Amino acid sequence: MSQLQLPKSFNLVFFGGTGDLVTRKLLPGMYQCDRNGQLVRDGRIYCLGRQDLTQEMYLAKIEEKAREFIPKADWNDGVWSAFLSRLQYVRVDAGEPAQYAVLKEVLERNPAEVNVFFLSVAPSFFTTVCDNLARQGLSRANCRVVLEKPLGHDLASSNAITEAVGKHYRENQIYRIDHYLGKESVQNLMALRFGNALFEPLWRREWISNVQITIAEEVGIGSRGGFYEGTGALRDMVQNHLLQLLCFVAMEPPVSLDSNAIRDEKLKVLESLIPFTEEDVFKKTVRGQYRAGTSRGKPAVAYVEEAGIPADSKTETFVAIKAEIANWRWAGVPFYLFTGKRLPTRLAEIVINFRDVPHQIFPLAPGAAGAPAKLVIRLQPDEYIRLYLYAKQPGDTMELQPVYLDLNFAGAFKTNTRRAEGYERLLLDIIRGNQSLFVRQDELEQAWRWVEPILNTWAADPAGPKLYAAGTWGPAASAELLSRDGFCWHDED
Ligand code: NDP
Ligand code: BG6
């Protein structure tokens, strides 16, 4: 997936260089790449913003943030100051066409093989920025544009962005980020499925009863109220991260690691998702919003009491969905998607539940009923694979108890203890020109097409989201979504 070499020189331009994403994730990510010796010497980083800052003021600002977000063990004064020598702050108002001349002039001083424009600004700027870059000739074949999610708020607005960006950049120049695809654990899912023959014969409707995909967050919305209120969990997490995980679980083996080979297979999964009617939305989805409760033993306010959120907000902070795929491999197998903020813990995992034996001859130990074989793929915070099986409980009965085979990646790969953050891998891939881990336009469109009926039905439903106490696992209705089908959510403990 990353066989391509880095070019000899590159210019990486961050629009939104003073913003949260750049200072908290992207610059620390680039520092880590530099520390690992993964950046070429002639690689420069330009951070753009409107603020009247000198170079010194900007560097001081990002250092303060970096010290907070780069683990102490990874901090090296020498590497940090060498990293800073790559950086330049450039004052540009993205909405002012004339100011792009400054950017062009700066870039011309360092003609590089590759120019990357990373648009870490609100999506409402995407069209303006691309138009203005193109006016300066900054859309040539050596230029790449990186778009952060959310890409629109529905199908029409997403298509409008596609059209506007597509006027100046070809698909092979456009990198749509879903940072989940940069996670080692998500790439490992491909390795598990397609690097081993073991699971393939079982990876189908004949042997799998249901699949559960969870991204749970302990945090609330923090200081992102302005963004979140207009977005909600369906657009923020399901339309992208959860559907991408579903694609990796359900896709057919790609013919190679070529970016289009992988994305072709993911697209087929998205196209096979059964669309929701209005009735389905009421039956197969649950939306929730956190009310006051406790988080890590401390009182946590309700969503509607967070900064910038109206008291009558109907924005969902929790979603559970029963999705189904209409194809030969998966017909009749429910894929339950689950995500929420202010849940008891932070975790992301995929649970593949295998069918039970057709006729059980063994008695089950108390509490062991309903726990047939399952494969648990924990993506974060720790990374492991557990295969649950029934085994005979020691003693003079034949009672069975679930036990698991455990593969913990931290222990398995002792030589490389630090697992790279998603953005590190993705930034390097953009510079290398490798699109495998980026979302193609047709995937994006299909994902919006599938979530849109849910968004529309919810918007028209006066009932609003069901409330759940902060620090709990969401509305009770999400458990009912599974129990109606005779299943229950996997609970590790
Ligand atoms: P912030 O609000 O923290 O930063 C916004 C940035 O936009 C600032 O650097 C600001 O610069 C810049 N900006 C605003 N107006 C202009 C303008 N007219 N010209 C030039 N720059 C401008 O946002 P985030 O960093 O949180 O998010 C950036 C993007 O990334 C958004 O699309 C967001 O949805 C997405 N995203 C963010 C995530 C996160 O964790 N933060 C996660 C996933 C996606 P200045 O004020 O200096 O001009
Ligand atoms: C982002 C969402 O895309 O993913 C955030 O906008 C969410 O709301 C975050 O908190 C979760 O990412 P991770 O990598 O911490 O699981």
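Cβ coordinates come from backbone N, Cα and C, glycine included.
The annotation active site, proton acceptor is assigned in TrEMBL to H241. According to DSSP, H241 (active site, proton acceptor) sits within a helical segment.
In the three-state DSSP scheme, R50 (NADP(+) binding site) is classed as coil. The NADP(+) binding site annotation in TrEMBL covers R50, K149.
Residues or ranges marked as substrate binding site by TrEMBL: H179, K183, E217, D236, K341. Mapped onto three states, the DSSP output places H179 (substrate binding site) in helix. Less than 8 angstroms from the CB of H179 (substrate binding site) sit G422, Y423, L426, each of them six or more residues away in the same chain.
Annotation comment: TrEMBL describes 13-188 as domain 'Glucose-6-phosphate dehydrogenase NAD-binding'. In the predicted model, the domain 'Glucose-6-phosphate dehydrogenase NAD-binding' (13-188) has a mean pLDDT of 95.
Taken from TrEMBL, the feature domain 'Glucose-6-phosphate dehydrogenase C-terminal' covers 190-490.
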- Task: Provide, as an integer number of angstrom, the distance between the C-alpha atoms of D236 (substrate binding site) and R50 (NADP(+) binding site).
- Result: 27
- Message: Counting other Cβ atoms within 10 Å of each residue's Cβ, which of the recorded positions K149, H241 comes out lowest?
- Response: K149
- Number of other Cβ atoms within 10 Å of the Cβ of K341 (substrate binding site) across all protein chains: 25
- For R50 (NADP(+) binding site), which residues in the same chain are close in space, meaning a Cβ under 8 Å from its Cβ, but six or more apart along the sequence? R91, V92, D93, A94
- Starting from K149 (NADP(+) binding site), work out which of the binding-site residues listed here (K183, E217, K341) have their Cα within 10 Å, and give them in sequence order. none
- Pairwise Cα distance for K183 (substrate binding site)/H241 (active site, proton acceptor) [Å, integer]: 11
